[in-house]
Structures are given as C-alpha cells and as structure tokens.
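Visitor: Sharing a structure, written as structure tokens. Questions coming.
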Amino acid sequence: MSAPAAPIPLESRASGPLSGTLRVPGDKSISHRALILGALSVGETRISGLLEGEDVLNTAQAMRALGAKVERHGDFAWTVHGVGVGGFAQPAATLDFGNSGTGCRLVMGAVAGCPITAVFDGDASLRSRPMRRILDPLELIGAKVTASAEGGKLPLTLQGASNPVPVVYRTPVASAQIKSAVLLAGLAAPGVTTVIEQEASRDHTELMLKHFGAEIVTTLEGTHGRRIALTGQPELHGAPVIVPADPSSAAFPLVAALIVDGSDLVLSDVMTNPLRTGLFATLREMGASIEEDDVRGDAGEPMVRLRVRASKLRGVEVPPERAPSMIDEYLVLAVAAAYAEGTTIMRGLHELRVKESDRLEATAAMLRVNGVKVEISDDDLIVEGRGHVPGGGLVATHMDHRIAMSALVMGLASDKPVKVDDTAFIATSFPDFVPLMCKAGADFA
C-alpha cells in the first residue's frame, strides 16, 4: 500500500488578471493508454508529451513489472518496447497504483487476458473505491479474482485467463474504464469481443487501438449508445503518440480566467475530443468567452488552442446526458456556477459518489464553507450563484486532487481567501499546477 504524502496546506487569494500562454500537462487518459498499448505491442512506441504525474508513473512502473521496457528520454519523452498481446510476464511484486483508479482498472483488463497472476493495490483512497463492476466482466472472460474486502476492493489478486473467451457485454453505466478493461482483456481472446453502452463514454481506447493496428468497429446503439466490436488476437505494432494537453486539467486555469476580472489567457494544444468537451459547451451556454483556433490532431484525437477571457456568467441547467463528457469537471464547474448570476442545476451526478472521494458531497461542502448556497437533491447538485463568493473557509480535500485545485481556483476571485487543508495529491494529475498558475498571475501562499 502506498504511503500517504505529508499534507501541504495552501491559501488562495484574490489575484489580478490572469494572462499569458499556458500548456497544461498531457492528457491523463491518453498517457495511461499509450503506455499500456505500447506494452501490448510488438516493437517500439515513442510517446511525447506524456503526463509525468504520479498516477501515470505508477502505470509505467506496472508495465515494467509486467515485462515491457519503459524508458524516459527527457522531459515528457518516453519509449516503450512491448511484449505483444498476451505476452505479459509474471510480476515479482505487487502492482501498486497509488491513487490511480484509471491505471489500476485498465491494467486489470490487460492482465485478465494473460496466463499470469498479479496482486493489485493502492493508497487508502483507492482501496475504498469499488472494483466489482470492473471485475464482473473480466471473470466472464475467464479471469479469477480473490479480494480481501467486500465489493472486490483492493488489495486483490487477479489470475488471468489461460484461455480467454470473447464476450458480449452490456455496461451497467456509461464508463470508459469498464469498456476499456473489457476491450483490453478481449485483445487476447479469439473471435470478437463486443461492448454495448447505453450512453457513449470516452472513446480514447477505441481510437488508440486503431492507431496501434487493431480491428475495431463502432456503430450506433439506440439514441445515445454505441456498440464496439473488437477482433481478438491481433498483432499490435508500436506507434508514435503525441499526447495532447488534458482538457480536465485545462478546466482549472480556464475557469480561473473566466471568474477573475480582466483575465485574457491562452491554453495551447488542448484536446477537444467531442466526448470530453461537455465543460466547454456548458460554460459557453453560461456566457463564457472561449475561442478556438490552430486545430490539429494525432492518433485520432483533435487538439486546439483556446483563448479564454473573463466573462459574466449566468446559471444554466446541465442535463444528465452530458455527464460522461465532463464527469471530472463538475467540481470546477460548480465553482463557475457560484460566480454566475442565477441558479445552476447539474443533474445525474451519481458517478461522482464513487470517485477519489464522494465528490458530490465534497463539492457541496467546499461551496458551503465558503458562503455559497448549495443543495443536493438525489443525484443533482443545485448551486445558487450570486456573482461573487464570500470565501474565508477551510476546504477539506479528502485526498482528492480535483477538490484541491477547484478550491484554489475559487479563492482567486473570492472576497476572503480560501484555505485548502492539503494540496499534496495535486501531484497525481497536475504536478506543476501551482507554479503554472502563479506564472499566469495567481496568488497562492
């Protein structure tokens, strides 16, 4: 089990206008997948722009433990020499994923199709998160799981299938992690593995599988869903990957620029995959000035330059269908809603309850302690925006990086400073968040 980092408290104070050009870290979802698929490929994969946060570094270490050669060649430049589909070696030690649910669940899928046994573990936060909905389909494929805690929680032992079988699996919720775990396990199975989802989730795994040479076909399923069919036992080939800037990380300086008067900030190379841009669409509905140019792409993932200027925001209603495209951004959207005029209602946020913390309750608590009127009704979050935030509160982050960053953003325009009890976990996804924001003009102390 990972040892907890020493707490790093921080205070956020009202700042002057934010300006300049920032390049936020590489996308976390793409970084995990590039390492894993590089390890499952034959030959060399060159990755540029890899996120070097703790979550991704733990995935890199897991790939080494499973037999791939993973090397760093300078800032954000990495190579992976893979072992091929089904070629993972028996790890000599526990695979420790720290705080990373994404890395842990995706690697479970990749291991499930290999005739090896691996022990999975993480920190206290990850040990509290449910794994059963990932494990159920992996057991259908042929894996065997032994877990010491109820609900399949970590630590657990996963014995991969000696003869994995293809499945047709309908996901119980819109979850890219469930879908990806099934597809990664299905790589080693003969025949076609099919995943059916009622609501489309992030499609990074499908796009990257194609980039590495897999035969995968996606068709529409109903009104909002998709059917993904993967032909198993391909020979994947190493490929170059340019990791775009993470839209979930870009959300924090973006919202900061919207709420701090006079701000004019440019964010470069931000991924705009349509299944990741729900926040941008919502903020534009609220009146945000967000412009795009310099459109380009790599490995099927589009990226753009964003120019964001301070804006007067208004309350809106966010439909539940938008949740899969912005599930990690609701915390900082709630901050924007607090600075808006009028009521913002965010519907269908049940998935926030099973993240690094119960993010629904934690978001409401973050706002309340800083003088914002907020209500939870079932799985809906209702924020009464008054155009300003009183501030002055101490935010408990519950070891959650996104709560910490959202609270720090909130304090940049509040009447009184906002204190955060611990910012150490920001390193899991955005190691340079504080210096990068200070470079743009933020006041943290």
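Placement of Cβ uses the backbone N, Cα and C atoms for every residue, glycine included.
What Swiss-Prot shows for this protein is this:
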- Lys28, Gly101, Arg129, Gln177, Arg359, Arg402: phosphoenolpyruvate binding site (BINDING)
- Lys28, Ser29, Arg33, Ser175, Gln177, Asp328, Lys355: 3-phosphoshikimate binding site (BINDING)
- Asp328: active site, proton acceptor (ACT_SITE)
Visitor: Given a separation of at least six residues and a C-beta threshold under 8 Å, show me what packs close to Lys355 (3-phosphoshikimate binding site) in the same chain.
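Guide: Spatial neighbours, sequence-distant, of Lys355 (3-phosphoshikimate binding site): Gly101, Arg129, Asp328, Asp400, Arg402.
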Visitor: Using other CB atoms within 10 angstroms as the count, which residue among the binding-site residues Lys28, Arg33, Arg129, Arg359, Arg402 scores least?
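Guide: With the binding-site residues Lys28, Arg33, Arg129, Arg359, Arg402, fewest surrounding Cβ atoms within 10 Å: Arg129.
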Visitor: Could you state the whole-number distance in Å separating the C-alpha atoms of Gln177 (phosphoenolpyruvate binding site) and Ser29 (3-phosphoshikimate binding site)?
Guide: 10
Visitor: Sort out the sequence-distant neighbours of Ser29 (3-phosphoshikimate binding site) for me: same chain, 6+ apart, CB within less than 8 Å of its CB, listed by position.
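Guide: For Ser29 (3-phosphoshikimate binding site), the qualifying residues are Thr102, Ala176, Arg202, His204, Asp246.
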Visitor: Where does Arg33 (3-phosphoshikimate binding site) sit by DSSP, helix, strand or coil?
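Guide: Note: Arg33 (3-phosphoshikimate binding site) is helical by DSSP.
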Visitor: Cα-Cα separation of Ser175 (3-phosphoshikimate binding site) and Arg359 (phosphoenolpyruvate binding site), in Å?
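Guide: So the alpha carbons of Ser175 (3-phosphoshikimate binding site) and Arg359 (phosphoenolpyruvate binding site) sit roughly 17 Å from each other.
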